[in-house]
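Enquirer: Take a look at the following structure, please.
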Amino acid sequence: MSSDPTGRPIETRKLRHLEACLRPESQYQKVKTGLDSVPWPYRALPESNLEEMRLDTVFLGRRLKAPVLIGAMTGGAEKAGVINRNLATAARNLGLGMMLGSQRVMLEHPDAWESFNVREVAPEILLIGNLGAAQFMLGYGAEQARRAVDEVMADALAIHLNPLQEALQRGGDTRWQGVTYRLKQVARELDFPVIIKEVGHGLDAATLRALADGPFAAYDVAGAGGTSWARVEQLVAHGQVHSPDLCELGVPTAQALRQARKTLPGAQLIASGGIRSGLDAARALSLGAEVVAVARPLLEPALDSSEAAEAWLRNFIQELRVALFVGGYRDVREVRGG
């Protein structure tokens, strides 16, 4: 992919991000999600039928066939467009939702729009746009948020929080004072759902408390233990990780979910960050998530084809179904306690 330069710094960086994410060094090396330590029941007499297990879920007012979103990954270059269309096709076929990668490049370079245009292949999926919190401290406002949603015909917008990534990025945006007020201000001007998400270092309790009185529809905890975007940035900049201790910072996914459910008991939560199997998903749902989001494990299949991405997701969903079945559940709602 590095042999396909775009001539634009942002787009070139997006391609390098993809390359870096495929490297094992992009993953947390010491910190784990904590999901392995979440107890899961095993029932030798489950008293249910596997094939009748109900997984359908309503999220942001849309019905999904399973509580699964394709997480935010990429956009802004030709290769990214292929990935996004393959993922959207898989989401369409399976009745899932999808988050786009950061659309800043699309707003600043309109010809990058095509790489985010997935409605041609998936006209009816739940589609979530994406902009960075830092951009709202640098002149972005409700107008740019509306463009990010309207120009790709999305249903909602995720605003991603990535201070550690920005701090370790060459030329990163690190002026964040006043950002909490600014995000609430912008969200109040919008007439579509706004989601707050981390990028893989976790939403902490203090941040959730600070956002609690804002008009946010959901929170993606994006916990530590999967892809470290701090590591990704250092791999892009230096070819290796120069600050390994800093790159291990974050709130592990299981801890982030527990804190979020305690801090915002009525909020809709997305669990992401190191979700690698259907059992991970089941455990995350048991901690209070409404849906889970998966990104990194889908990157290689999506580079191959929509069929490969769909096959990975089918297996993931079947793992979730089996976990619920042997756990004694008959419906995904039961695992959440509702």
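A Cβ is built for glycine as well, from the same backbone N, Cα and C atoms used for every other residue.
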Enquirer: Looking at Swiss-Prot, which one out of T174, T227 binds FMN in the same site as A72, M73, T74, S102, N130, K197, G274, I275, R276, A295, R296?
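Expert: Record source Swiss-Prot; matching candidate: T227.
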Enquirer: Excluding near sequence neighbours, so keeping only residues 6 or more apart in the same chain, what lies with its CB under 8 A of T227 (FMN binding site)?
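Expert: Spatial neighbours, sequence-distant, of T227 (FMN binding site): C21, S26, Q27, Y28, G200, G273, G274, A295, R296.
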Enquirer: Taking DSSP as the reference, which of helix, strand or coil describes I275 (FMN binding site)?
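Expert: Looking at the DSSP assignment, I275 (FMN binding site) belongs to neither helix nor strand, so coil.
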Enquirer: Determine the C-alpha span of the substrate site listed in the record, that is the greatest distance between any two of R13, K14, S102, Q103, R104, Q165, in Å to the nearest whole number.
Expert: 17
Enquirer: For Q165 (substrate binding site), what residues in its own chain, 6 or more apart in sequence, show a Cβ-Cβ distance under 8 Å?
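Expert: Sequence-distant Cβ neighbours: G172, V199, H201, W229, A230, V232, E233.
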Enquirer: Checking the spread of the FMN site as listed (A72, M73, T74, S102, N130, K197, T227, G274, I275, R276, A295, R296): what is the longest Cα-Cα distance, in whole Å?
Expert: 22
Enquirer: On a simple 10 Å Cβ count over all chains shown, which one of the binding-site residues R13, K14, R104 is most densely packed?
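Expert: That would be K14, with the highest Cβ count within 10 Å.
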